[in-house]
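For reference, TrEMBL has these:
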type	residues	note
BINDING	Gly115, Leu139, Gly140, Asp141, Tyr142, Val143, Leu144	S-adenosyl-L-methionine binding site
DOMAIN	3-233	domain 'tRNA methyltransferase TRMD/TRM10-type'
Amino acid sequence: MTMRLDYLSIFPAYFDVLDISLLGKAAVNGLVEVHAHDLRDWTHDRHRTVDDTPCGGGAGMVMKPDPWGEAFDEIIGTEPDSSVHVIFPSPSGAPFTQSAAQELSSAVRIVFCCGRYEGIDHRVIDYARSMWTVHEVSLGDYVLNGGEVAALAITEAVVRLVPGFMGNPESLAEESFSAGQDGLLEYPLFTRPVSWRGLDVPEVLMSGHHGRIAKWRRDESVRLTCERRPDLTDSDFGVPH
Ligand SMILES: N#Cc1c(-c2ccc3cc[nH]c3c2)n[nH]c1N
């Protein structure tokens, strides 16, 4: 099943990058198809205006609803369809998580609505909610200038989980935040040479003793998670008091 990805933005060239790297390969293999659209193509004035002053006053500009609605009609259609996932990156959105990426990896269609200026007229989101499955999501607690970077990050997090995308799906199981890691951060990784600039690979990893190696890795994951992400430690993870 091919996943169709659409991107609506006033900077559609942001998404040219999706033609390279692994995503390019996935497109070639028919796993995903990518369509980037310039929102200004749905304007009708000579300046191709997509923004206006905020009702109620305030700084900055707000994206007008009309171009979005006409773009939706042409790109998605005018009939409700809950199988279409419409993502609005927003600083006021719910934190985007690995579990959200996992859920979206089985979607047949995802449409990213990339706002700029101060944001998009809220009626656009309300209309989309009446038609499709909408996700207002945030990458994190910092401010970007628009939704494009978030759309790219979410795309990578989702598409790499699409069955058939990763050459070795087993590698997904041991990553940070994966279910296989019990939500823990990934342990430190090493490869050859064994000694590098006076720094050595931990001996246990060279022991060939799989049980000891597994314990060392689990202990390191717990240590790192407790140190860096106490918010993820909603249980003791077997940490001795
Ligand atoms: N996702 C996300 C965001 C944003 C964001 C998203 C869309 C727009 C449209 C205008 N400004 C935006 C900022 N800022 N910080 C995040 N984590």
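We number each residue from 1, going along the chain as drawn.
Glycine is treated like the rest: Cβ placed from N, Cα and C.
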Recorded S-adenosyl-L-methionine site residues Gly115, Leu139, Gly140, Asp141, Tyr142, Val143, Leu144, farthest C-alpha pair in Å: 17
Listed binding-site residues adjacent to ligand 1, that is, members of Gly115, Leu139, Gly140, Asp141 whose C-beta is under 6 A away: Gly115, Leu139, Gly140
Leu139 (S-adenosyl-L-methionine binding site), number of other Cβ atoms within 10 Å: 19
For Gly115 (S-adenosyl-L-methionine binding site), the number of other Cβ atoms found within 10 Å of its own Cβ: 26
List of residues, in chain order, with Cβ under 8 A from that of Gly140 (S-adenosyl-L-methionine binding site) and at least 6 apart: Pro95
Neighbour-count leader, CB within 10 A, binding-site residues: Val143, Leu144: Leu144
Tertiary neighbours of Tyr142 (S-adenosyl-L-methionine binding site) (same chain, Cβ under 8 Å, six or more apart): none
Local Cβ density at Asp141 (S-adenosyl-L-methionine binding site) - other Cβ atoms counted within 10 Å: 7
Confidence summary for the domain 'tRNA methyltransferase TRMD/TRM10-type' (3-233), mean pLDDT rounded: 94
